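Undergrad: Grabbed the feature section from Swiss-Prot, which reads as follows:
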BINDING   61, 72, 80, 83  Zn(2+) binding site
COMPBIAS  22-33  compositional bias 'Basic and acidic residues'
COMPBIAS  175-184  compositional bias 'Basic and acidic residues'
CARBOHYD  152  O-linked glycosylation site
MOD_RES   14  phosphothreonine
MOD_RES   92  phosphothreonine
REGION    1-46  region 'Disordered'
REGION    171-192  region 'Disordered'
């Protein structure tokens, strides 16, 4: 008798996973990684100190392309002047320029925030000679912390005889004078057009309309 056929193994009834869209999977994974990285970066990035905020304000002053991470010599001098690091006695403009040239790299034209702090340490020794090194640095930092560039150079009006002649209505003569009232306000059309005076009085007569008052006063 022939051997009975062995029963076939039961098929795996677990349905196979349907293949997903690879592009969607990659996008989801990328978003997950970016969100995790953003969270870690936000937690790792400390808040700027008041000194570094002042550094960045002066670093970008007058330069729309500046990032605030490096400072030019001109802005360094302005910071020292506006924040009164330069007192004209212990620290002068020359001292500030010398320190900047000493701290920056030979082929560089700017200084970083770390170099900025080194430069302040150099100036602190001169600015506060009667204090210890640490106290002097703290005093210099207090002069700068929270400060911003002082905006100056506002154009002022310059009075000159020529300008005054052209703008002061009280000095106008002839037909130009008739276009403005005593307050300097323009009369409009009345100041440009010769209107016929039909009052019966001679032009320029100053007592027009006073006859009736005189007659009534004499009675």
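Every residue gets a Cβ built from N, Cα and C, even glycine.
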Undergrad: Could you state the CA-to-CA distance between residue 72 (Zn(2+) binding site) and residue 92 (phosphothreonine) to the nearest Å?
TA: 18
Undergrad: Which residue, of the binding-site residues 80, 83, has its CB surrounded by the fewest other CB atoms within 10 A?
TA: 83
Undergrad: Applying a 10 Å Cβ distance cut-off over all chains shown, what neighbour count does residue 152 (O-linked glycosylation site) have?
TA: 7
Undergrad: If H, G and I count as helix, E and B as strand, and all else as coil, what does DSSP give for residue 83 (Zn(2+) binding site)?
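TA: In the DSSP reduction, residue 83 (Zn(2+) binding site) maps to coil.
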Undergrad: Select the closest residue to residue 92 (phosphothreonine) from the following binding-site residues, measuring between CA atoms: 61, 80, 83.
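TA: Nearest in space to residue 92 (phosphothreonine), counting only the binding-site residues, is 80.
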Undergrad: Taking the Cβ of residue 92 (phosphothreonine) as the centre, how many other Cβ atoms fall within a 10 Å radius?
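TA: A count of 14.
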